[in-house]
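S.K.: Here it is, the structure in full.
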Amino acid sequence: MSEILLFSPQPLFSYTMNKYSRLYTNSNIRNTFFSEIGIGIAANSLLLLFHIFKFIRGQRSRLTDLPIGLLSLIHLLKLLMIAFIATDIFISWRGWDDIICKFLVYLYRSFRGLSLCTTCMLSVLQAITLSPRSSCLAKFKHKSPHHVSCAILSLSVLYMFISSHLLVSLIATPNLTTNVFMYVSESCSILPMSYLMQSMFSTLLAIRDVFLISLMVLSTCYMVALLCRHRKQTRHLQGTSLSPKASPEKKATHSILMLMSFFVLMSILDSIVSCSRTMFLYDPTSYAIQIFVSHIYATVSPFVFMSNEKHIVNFLRSLCKRVINV
């Protein structure tokens, strides 16, 4: 997905306060965005609490439970960060100093990278779970959550290093008119970087995205192939007239395949919106649309996971009935 909120190392456009100040005067854009963020925060909080209670009760966990719980935590923190940043875009506090700008934007960028990483890891772990005993991946099925935690921790350190340039280039917007700074929010701007630094961080980001997305595509194709083979074997043994009940592993796989497809769709849509911003000379409305599109995945993904959990589905149904009766 394209780097949202101008957090990429390339200077995408110059700082123009008057042009982007129109964002916080448009109540429709502001209300739509904060509604999306509110729904995403509530859904990710519910999914995270479910996995915390599941861990406390000592229930048997699947290999993918830790990444799913971690992904909900990452998306929750990511949405909280963008909510704070969005208040300075749509409401315009203009009271943040360098430390606040660096802290919020750096954390947001780190959570955004971890979201991609954890989604990829989730796809790989589900492929391992679904793999047959004869597969070379079967030996990884019984790995403890500590191995997954170590892998996630290592990637977290890597992403923090890749985003470290923001700690230097992010500043509080000075009270002067200039075309040197790049717009992040009403209070925060990015200093231009040298060509060497731009090239280095762009290369690191490109390598990261290509590697993770390629790994995600390979694991997804592997799961699809396994499901197709299993369906053929089932039809051969039981006949086409019967519809055997899907196992929990198969249901989880379908959910993750749906999530991967949705992730790719949102990535393509995000790229299209990003390109349209270039065509329309970085119109503020296109900028707001890109912010909205780039967070649809974090908002929708918990609903995909919760649809596979009977306890959460039953809880939501009972809650809806109570609301309707009231």
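Backbone N, Cα and C atoms are what each Cβ position is placed from, and that goes for glycine too.
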S.K.: Does the record from Swiss-Prot show N31 and K321 on the same side of the membrane?
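M.R.: In Swiss-Prot, N31 is across the membrane from K321.
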S.K.: Going along the chain, which residues at least six beyond the ends of the transmembrane segment (204-224) come within the CB cut-off of under 8 Å?
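M.R.: Distant contacts of the transmembrane segment (204-224): 3, 8-9, 113, 116-117, 119-120, 123-124, 126-127, 130-131, 159, 162, 253, 256-257, 260, 263, 267.
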S.K.: Within 10 Å of the Cβ of C188 (disulfide bond), how many other Cβ atoms can be counted across all chains shown?
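M.R.: Around C188 (disulfide bond), other Cβ atoms within 10 Å: 27.
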S.K.: With DSSP as the reference, give the number of residues of the topological domain 'Extracellular' (87-110) in helix, strand and coil.
M.R.: 17 helix, 0 strand, 7 coil
S.K.: For C101 (disulfide bond), what is the tally of other C-beta atoms lying within 10 angstroms of its C-beta?
M.R.: 23
S.K.: Do any residues of this chain, six or more beyond the ends of the transmembrane segment (33-53), have a C-beta under 8 angstroms from a C-beta of it, and if so which?
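M.R.: Long-range Cβ neighbours of the transmembrane segment (33-53): 65, 68-69, 72-73, 75-76, 79-80, 82-83, 86, 90, 288, 291-292, 295-296, 298-299, 302-303, 305-306, 309, 311-312.
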